[in-house]
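Taking it in order: structure first as structure tokens, then the write-up.
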Amino acid sequence: MPRGSARGACVRGGGGGREAQVPACAGSGLALREGAAPARLGLARPRSGTMDPAEAVLQEKALKFMNSSEREDCSNDEPPRKIIPEKNSLRQHEHAQNIVPGKIKHTSWAFLNMKSDDSIGGNQPALWSTVNCDLTYNSCARLCLNQETVCLGSTAMKTENCVAKTKLANGTSSMIVPKQRKLSASYEKEKELCVKYFEQWSESDQVEFVEHLISQMCHYQHGHINSYLKPMLQRDFITALPARGLDHIAENILSYLDAKSLCAAELVCKEWYRVTSDGMLWKKLIERMVRTDSLWRGLAERRGWGQYLFKNKPPDGNAPPNSFYRALYPKIIQDIETIESNWRCGRHSLQRIHCRSETSKGVYCLQYDDQKIVSGLRDNTIKIWDKNTLECKRILTGHTGSVLCLQYDERVIITGSSDSTVRVWDVNTGEMLNTLIHHCEAVLHLRFNNGMMVTCSKDRSIAVWDMASPTDITLRRVLVGHRAAVNVVDFDDKYIVSASGDRTIKVWNTSTCEFVRTLNGHKRGIACLQYRDRLVVSGSSDNTIRLWDIECGACLRVLEGHEELVRCIRFDNKRIVSGAYDGKIKVWDLVAALDPRAPAGTLCLRTLVEHSGRVFRLQFDEFQIVSSSHDDTILIWDFLNDPAAQAESTRSPSRTYTYISR
């Protein structure tokens, strides 16, 4: 039979002369021969050619297994009807007994061990065959048995290439229908008895019995059980809980979703949408972000929508609906993206405070919050400015030298001066509360927190103080070890960190004040430093910035870019901001700086140039930088309210954000 010409092969019975047309697979030749029922299965072999020894051993083992009476899947009552296809063989063979000569590209062996089917009657023999499909990438094993057709294929087989119909002797076409096993009467009786016993057991006994039963089953049966159980285990709990009066539990579950997931939850069904709306879940999401993220908290204050959060009573007395908060969320996201873009691109609005010092000019130190800026000047005064109007609200006098450092909290302002004293002031009234005299030269820097203060001086010493109250401050310990002026200190509950003109950073134990280690690397004196968690960032007169791991003392990165001494430095979770005697402020990517794979040329995000003199001190948050300079000015760099960006937004349509992934 030529290739591709045969639509089916004829099967003739030895006794009755009936014949069945069995479709061939993808044009391959197929002939089935019916004779006496074989006692055991034989395997068709190639007509010519020598079989590979390994293949011969494999076939011998397969035959031995298929003909074995000890097989677990064989029983005396009803042997299984199973075909075990072998992986594709690329050899071209013609089967002497079963295959009509023709061109064959792929060969698959099919094994079968069956007894006669009593439903047909008499000693009707079972049929077995090997089918070869002329497919480029696929192989198919086909079993023909008493007008039934079963198709099996390799993992790559295209099922559409296998004919899924049989043609009976009378010419009628029929779709394949899985044969249903008839249940015996004894099974039904025994089943009822088992169920009766099962229902009498406790739940734990039932579970133990089912576990034991499943352990005795094969993988095929496990798959059926899994398919049966899977839909039973699925529950729409968000819909089911409110129906039982447990709306608050459904709302609490969904309240942990992020914005993208919450949008998706709203689209599940009407009931899910109702739960998100009635539970005010968009409001809860925004409140959670405000509690945990300082950027969101700052935006709530600056944009005014914080008044609609938590238990605050809105100005008009009416609480906004859930739709208000859903519409508010993308506006917040747009603000955040705008801020990040402004930082990277250097877009900002600038406000300038002229300090107008009468004697000597220069602002050596500052600190700010949302209401005020406190600055220490070269003219021996401390000036407090209104941050909104930029007007000077109060001037504190008492130092007889330049105010070189300061820090304040909600109760006091503490300042250090070149007159060698440390003074304590009431933050609200400006009254001088205390004067500490210990250092014999200028007090260059100080930090205080949780009842402890650390000061450092040009006299090369570090003083640790206990602060019981603003008027009760006592010296605990003096730390000595630096060989030059100690320019800066910082501390937390674990370490005190100091930096000096001797080019070193020293680490001390906070509780015992014992020396821990020295960080070496800068080539000239160190002028500034900040320490938080394990990270220390320092700036030096060698014009570089270094990042250190305080636990092991390793230098993690060197940042180069300033042209003169790096005088001040601060960092947060995202960026480092530095100021130098070259009058420039540089913004660095902290995350990239901590990645050793990041190229050095990509670390500096932006250089800001507005000061006309040396930059002495700066601080920053997510929205702004506040810096002071030898040019007697304080600059406020606002990255939230950029006039150019706002003007552009009035001309361009606003972008729409969606949180549903496609």
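Using N, Cα and C of the backbone, Cβ positions are placed for all residues, glycine too.
What TrEMBL says about this protein:
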{"type": "COMPBIAS", "residues": "1-10", "note": "compositional bias 'Low complexity'"}
{"type": "REGION", "residues": "1-22", "note": "region 'Disordered'"}
{"type": "DOMAIN", "residues": "247-285", "note": "domain 'F-box'"}
{"type": "REPEAT", "residues": "369-386", "note": "repeat 'WD'"}
{"type": "REPEAT", "residues": "396-435", "note": "repeat 'WD'"}
{"type": "REPEAT", "residues": "436-475", "note": "repeat 'WD'"}
{"type": "REPEAT", "residues": "479-518", "note": "repeat 'WD'"}
{"type": "REPEAT", "residues": "519-558", "note": "repeat 'WD'"}
{"type": "REPEAT", "residues": "559-590", "note": "repeat 'WD'"}
{"type": "REPEAT", "residues": "608-647", "note": "repeat 'WD'"}
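Residue counts for the repeat 'WD' (479-518) by DSSP state, with H, G and I taken as helix and E and B as strand, are 0 helix, 24 strand, 16 coil. Same-chain neighbours of the repeat 'WD' (559-590): 343, 346, 527-530, 532, 535, 537-541, 543-547, 598, 600, 602-609, 611-622, 625, 627, 629, 637, counting only residues six or more beyond its ends whose CB sits under 8 Å from a CB of the stretch.
Panel annotation: around the repeat 'WD' (436-475), residues 401, 404-407, 409, 411-412, 414, 416-424, 426, 482-493, 496, 498, 500, 508, 510, 513 of the same chain, lying at least six beyond its termini, place a Cβ under 8 Å from a Cβ of the stretch.
In the repeat 'WD' (608-647), helix, strand and coil residues by DSSP number 5 helix, 20 strand, 15 coil.
Residues of the same chain lying 6 or more positions beyond the ends of the repeat 'WD' (396-435) and with a Cβ under 8 Å from any Cβ of it are 360, 362, 364-367, 374, 376-384, 441-448, 453, 455, 457, 470-471, 473. Counting residues 6+ beyond its ends, the repeat 'WD' (369-386) has Cβ neighbours under 8 Å at 301, 353, 355, 357-363, 392-397, 399-406, 408, 413, 415, 417, 419, 425, 430, 626, 628, 634 in the same chain. In the predicted model, the repeat 'WD' (369-386) shows an average pLDDT of 95. For the repeat 'WD' (519-558), the number of residues in each DSSP class (helix H, G, I; strand E, B; coil) is 0 helix, 25 strand, 15 coil. The list of residues near the repeat 'WD' (479-518) in space but at least 6 beyond its ends in sequence, with Cβ under 8 angstroms from a Cβ of it, reads 441, 444-447, 449-450, 452, 454-464, 524-532, 536, 538, 540, 548, 550, 553.
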